[in-house]
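Engineer: Got these off TrEMBL a minute ago, pasting:
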ACT_SITE  Cys322  active site
ACT_SITE  His381  active site
ACT_SITE  Asp404  active site
BINDING   Asn444, Asp446, Glu493, Glu498  Ca(2+) binding site
DOMAIN    314-407  domain 'Transglutaminase-like'
REGION    1-31  region 'Disordered'
Amino acid sequence: MSETTNTNEEKKKPSLNGRRAVPSNNSNDEENEVPEIEFFGLIPRGFNPKDYLHVVDIHMFKEPHEINKQQHHTDKYYSPKLIVRRGQLFQIQIDFNRPYKPETDQFWLEYLIGRYPQQNKGTYIPILVDDVLKPGRWGAKITHKENNSVRMSIMSSATCIVGKFRLYIAVWTPFGILRTHRNPATDTYILFNPWCQEDAVYLDDEKEREEYVLNDVGIVFHGNINDIKLRSWSYGQFEENILDACLFLMDKAELELSGRGNPIKICRVASAVINSRDDNGVLAGSWDNTYTYGVAPSAWTGSVDILLEYYSSKQPVRYGQCWVFAGVFNTFLRCLGIPARLVTNYSSAHDNNANLQLDFFLDDKGEVDTKLTKDSVWNYHCWNEAWMTRPDLPVGFGGWQVVDGTPQETSDGMYRCGPASVQAIKHGHVCFQFDAPFVYAEVNSDIVYSRREKNGTQVIEKIDTTHIGQLIVTKEVGGDGMMEITEEYKFQEGSEEERLALETAVMYGVKKQTMQDTMYRPQTDVDMDFQVQKAVLGSDFKVTITFRNKSHNYYTATTYLSGNIVFYTGVTKNEFKKHSFSAKLEPSSSSAFDVVIKSSEYLNDLLDQASLHFFVTARINETGKTLATQKATVLEIPTLKIKTQGETVAGKEMSVTVKFTNPLKKTLDNVTLRLEGPGVLRTMKKEFRQIPMNATLIWEVKCIPERPGLQKLIASLNCDALRHVYGELNVQIQKP
């Protein structure tokens, strides 16, 4: 028995290695014992600590309406403790047992974080009382004395660690130091400060700070380039326990406390810990349309449930796809005070070998060879941008940085991506850390269609240089509209600057394949394109293929249309439509051909995002050349209607109804509804066994809103046959 207890003791001890005297200090949660009396030597007889100045009480002014949280823009955090931003003054009041006499009494403040506080690591911060405060440096000054109390202004360093600090007040006596006892009520959270010029995340526009730091709801743009869809997402960075959950993520990632003042390091480790690959992080990804034992990615309405579940279970939450990873990452960044936004790149390249080209191989019939084709085009891909200076890069590469928590490829051996400077990507300076070549390829790759001849030579049939990264967007500041930011990432297609940026990227080691070993002879005198009719889920629609014969020759084209059900990542699940026909092309004229797609052909296999993808290839019989083009389309999905009844006043019960009519020609089974709204109601869930075809479901919920102002309600409906059904409503909550 004794042997086993012994080994347990050994396990608890932190492991030391030969290089460091102190174990690694990478948990904000752990604490050390701090002595309340620290004697200098022998204690004289008759020594009574009560004879000296000692602290009776400390007032933190930590209520949302009090000065600290108001001035530091932290009044929305649902937390009873003091939360301040670094590099900015805050106030406390100390009540002593008698009036403080500066001539004879000496006291100082101590802020500690983690289990092994050290002054040179910024984890133990003693602050002496001084007459002058220097901006952006730790200091404390007495501003007011009255009876037994002193009022103090405290300045924190603009580069200090971000996290939860413990506060002690120490009093000097001739025989030793007397300290206050450990009191969690005086714990102080210190966050990044975009309002402070000395802070690495300083943002100079108040409207942008309100959007990128203080807005707790946002918009996710999805769908595809021809059919942009949007839905709301609740970030909920101020909700109860979310700040602690975000600090826990840094503990989970084992980021040294001394590195937690640096937004570059925080973003890098967070992009790894947001996904569960290789480190048991927050979210497990699933792209295969089976979500057993978990929540389908499309069912989440916000980040709060995900972060709280992870914080309590410490196990990856199932399941996420790109916008879920990006939504949770955005919550994490805004919660800590790093300005952040969620960005969508339409037609995003996932280039497996980073050679700046996506290779689509056609077989001799002109169909795509799925065995050879490894690269894919995502209809859209979401990532985040975080705002910070980059002192590790040359001047000019600060500002927005791409960070991506979706596990696509490894970086330095882990699934993570960024921070990569958007400015560096635009100019092709992809040599600067981190992961710029991968992001550059996501927005700049070419699509190359090639076909292997019978004799083994590879013929390139078409190079499409404009399909990838056609549109990059984010939510506008102060509204729900879309703001295009494509030109932040790339120069005008075909411009001299674009050419130059590409040459720069190639010079810095982005591989671009040469065409020596292949033959490229496109058919230039015939153009082919196609249009997909807008269609509601469950209805028939048509695809129109148009040819323009610019030559004086008469051509016939053997045309092949392939309709596929795809994941939004561009990976095919199955082909639901094959259609071949011969098109007669008159000289110098255009001709159009319709192909009808019936709902019965696609409905049974439809995936999450009602995403269909069409390939059209045509071989000109007279010349043997092939034309190829591809497009994705998204079917219209019905929405949820949300209404409120009666008055909407903070602190009073209100009623919300969610309404939905089943549009499909079949019964929906095992339907889950979710409803949430930061400041109005915590996430509510309801299960319905069945909704017959054309039936309408009505769900009524009672809640008591907490926060006055304009709030947003967000709902989702989810079942195996129908996903990505959303609804939202802006609600003005009145002051009581």
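Using the three backbone atoms N, Cα and C, a Cβ is placed for every residue, glycine included.
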Engineer: Of the active-site residues Cys322, His381, Asp404, which one sits closest to Asp446 (Ca(2+) binding site) when you measure Cα to Cα?
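Structural biologist: Out of the listed candidates, the nearest Cα belongs to His381.
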Engineer: In Å, rounded, how far does the Cα of Cys322 (active site) sit from the Cα of His381 (active site)?
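Structural biologist: Cα-Cα distance, Cys322 (active site) to His381 (active site): 6 Å.
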Engineer: Among the recorded positions listed here (Asp404, Asn444, Glu493, Glu498), which has the Cα closest to the Cα of His381 (active site)?
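Structural biologist: Nearest by Cα distance to His381 (active site): Asp404.
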Engineer: In the same chain, which residues outside the set Asn444, Asp446, Glu493, Glu498 have their CB within 8 A of the centroid of the CB atoms that define the Ca(2+) site?
Structural biologist: Thr465, Thr466, Ile468, Gly469, Lys490, Leu502
Engineer: Between the Cα atoms of Asp404 (active site) and Glu498 (Ca(2+) binding site), what distance do you get, rounded to the nearest Å?
Structural biologist: 24
Engineer: Given the model, what does the mean pLDDT over the domain 'Transglutaminase-like' (314-407) come out as?
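Structural biologist: Average per-residue pLDDT within the domain 'Transglutaminase-like' (314-407): 91.
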Engineer: Quick one: among the recorded positions Asp404, Glu493, Glu498, which has the most Cβ atoms sitting within 10 Å of its own Cβ?
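Structural biologist: Per the Cβ count within 10 Å, the most buried is Asp404.
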Engineer: Counting by DSSP, what is the helix, strand and coil composition of the domain 'Transglutaminase-like' (314-407)?
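Structural biologist: Output for the domain 'Transglutaminase-like' (314-407) reads 15 helix, 41 strand, 38 coil.
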Engineer: In sequence order, what residues of the same chain, 6+ apart, have a Cβ less than 8 Å from the Cβ of Asn444 (Ca(2+) binding site)?
Structural biologist: Ala349, Leu356, Ile468, Gly469, Lys490, Leu502, Ala505
